[in-house]
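Participant: Annotations for this protein, taken from Swiss-Prot, read as follows:
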- Asp30, His116, Glu483: substrate binding site (BINDING)
- Asp450, Asn477, Gly479: Mg(2+) binding site (BINDING)
- 388-482: region 'Thiamine pyrophosphate binding' (REGION)
Amino acid sequence: MEGETLPLAQYLFKRLLQLGVDSIFGVPGDYNLTLLDHVVPSGLKWVGNCNELNAGYAADGYSRIKDIGAVVTTFGVGELSAINAIAGAYAEKAPVVHIVGTPMRASQESRALIHHTFNDGDYQRFDAIQEHVTVAQVSLSDHRTAPSEIDRILLQCLLHSRPVRIAIPVDMVPVLVPVAGLSSKIQIPPAVRQPQAEEAALNAVLKRIYSSKKPMILVDGETRSFGMLQRVNHFIQTIGWPTFTSGFGKGLVDETLPNVYGVCTLHQKAFVDSCDLVLVFGPHFSNTNSYNYFLKPADEKSVLFSPNSIQVNKDVFRDLPVGYFIEQLTQQLDISRIPTHKHDLVHPSLRTLPEVSPTDLVTQTGGFWKRFSPFLRTGDIILGETGTPGYGVNDFILPPQTRLFKPATWLSIGYMLPAALGASHAQRDLVASDQYHSLSNPRTILFIGDGSFQMTVQELSTIIHQKLNVIIFLINNDGYTIERCIHGRNQAYNDVAPWRYLKAAEFFGADQDGEYKASTWEVRTWADLDRVLNDSQLADGKGLRMVEVFMERLDAPDVLMGLLNNQVLRENAQSRL
């Protein structure tokens, strides 16, 4: 290997392959075309998207399953098109590598007035913009340092679980660099243990555990980002305390455990308020992920487990590897001293469904979402789009080893359709390498509203082109129902154009009888829903399966109905003035 060389582009792509990227998303453009010539020779699969925004969303979805994803765009127009997706990945800690093909070094150095710029010779503006949504950036300009710079940036992506940007000029693509660097893998350096801080933190946490009377556990979404999942689940099983997740954390805990009660919502407010200790793993306290901070416990009754620190009350113990700390905490628990919390919580699996007539129209208030739990199975990847689906999926009881994406903080509507494309590709890549729960035909299931679907519908064509196995439940409630609940329930700005949604698959190239099938269903009544959920072609088939569910425009999950009712009260009060 000594003395051997390879093009810089292949060094970058082979590094991504080593880190677990098998498929790379993007859109070709004149500054990245020669770069893309090296994708397949490097061992990667190219997935071309309809636009850069969707490519970024897809890379984000891929990264949440495979722990890293990558997207390629062209300089300026392409990268700015993708920046919304990159910002969302930054906000919700998805490790995405954004690779940007840029003009030749000579053009940049001479400040040439060329296309995709502001025509003023300033090539640094886009670098500055990207600094706000990435944790590390580099523009490769020197073949001697380029490999080490690539390694440095990729390490930052892994270390912080957030996006990075690598810009590669056209004339740097073929530059030869040593192969030798690929012989050593990029790995997060092991944290140096801090024995005194560990002991102090363990003693502080154990003291709070043993002295509590009414404890609970909350698992939040940043648990996913830093390799804590297995240890957190073991801790929950060992201690046996009532456990909830945030919306962002749903799918990260085994919901079949008897002490796991699903997503903590305002319905559990009285219980949460009564607790004198809340252990929070991977906290992410945005207003939308915490029901306007209801889930954020007061300092005096909380222990927060963050990636590099433990906070007990107001005391913060820093530089502690949280995964190792949780393992030590579990081992040192004295079961005889752990308090039991007597409560009247009912496990979701024991809750009864409302009685409905088969001929009645389906409604979200009639237990619509709860009826999907028997349909779900081990290995499913489930996505609930911002809007009514994002709240509805809270009601699912997930089987073990199931993943669920739902809105947390960024809430860019339309994200989930391209994210389903990315997640399904990650699922396929894992199946191909026999790393996916020994399953050969797993499913990606998307729940999305009509308004969100219209935002990014083009990627349905990519799902079809890539022959992915995706199930889509499209909630047709005639517009932006979540916005109607917030404000303007009868305003035209919350309407969307009526589409023939079930014709979309045919328009985008699928057919009913070919190798890659697209199957469609329509649901209006409870009998329709029961029939569709028991259809083996939907549950066990392959290809694209799409179900259009018709609902009233002001039908929404409970939490949104509360907002709608408040809006009506305000309108009535205003009318009396």
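Heads up, residue numbers simply count up from 1 along the chain you see.
Quick reminder: no glycine exception, Cβ is built from N, Cα and C everywhere.
What you are looking at is a predicted structure, and each value in this text was computed from that prediction instead of being measured.
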Participant: Can you tell which of the binding-site residues Asp450, Asn477, Gly479 lies nearest to Asp30 (substrate binding site) in space, using Cα positions?
Facilitator: Asp450
Participant: Within 10 Å of the Cβ of Asp450 (Mg(2+) binding site), how many other Cβ atoms are there?
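Facilitator: Other Cβ atoms within 10 Å of Asp450 (Mg(2+) binding site): 23.
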Participant: Would you mind splitting the region 'Thiamine pyrophosphate binding' (388-482) into helix, strand and coil residue counts from DSSP?
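Facilitator: Tallied per class, the region 'Thiamine pyrophosphate binding' (388-482) gives 41 helix, 16 strand, 38 coil.
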Participant: Please give me the CB contact count at 10 A for Gly479 (Mg(2+) binding site), counting all chains in the structure.
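Facilitator: The answer is 20.
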Participant: Mean pLDDT over the region 'Thiamine pyrophosphate binding' (388-482): what is the value?
Facilitator: 95
Participant: Cβ-Cβ under 8 Å from Glu483 (substrate binding site), same chain, 6 or more residues apart: which ones?
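Facilitator: Spatial neighbours, sequence-distant, of Glu483 (substrate binding site): Asn494.
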Participant: Are there any residues in the same chain, six or more apart in sequence, whose C-beta is under 8 angstroms from the C-beta of Asn477 (Mg(2+) binding site), and if so which?
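Facilitator: Sequence-distant Cβ neighbours: Thr388, Gly449, Asp450, Phe550, Met551, Glu552, Arg553, Asp555.
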Participant: Would you identify which of the binding-site residues Asp30, His116 has the most other C-beta atoms lying within 10 angstroms of its C-beta?
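Facilitator: Counting every other Cβ within 10 Å of each candidate, the maximum falls on His116.
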Participant: How big is the Cα-to-Cα gap, in Å, between His116 (substrate binding site) and Gly479 (Mg(2+) binding site)?
Facilitator: 35
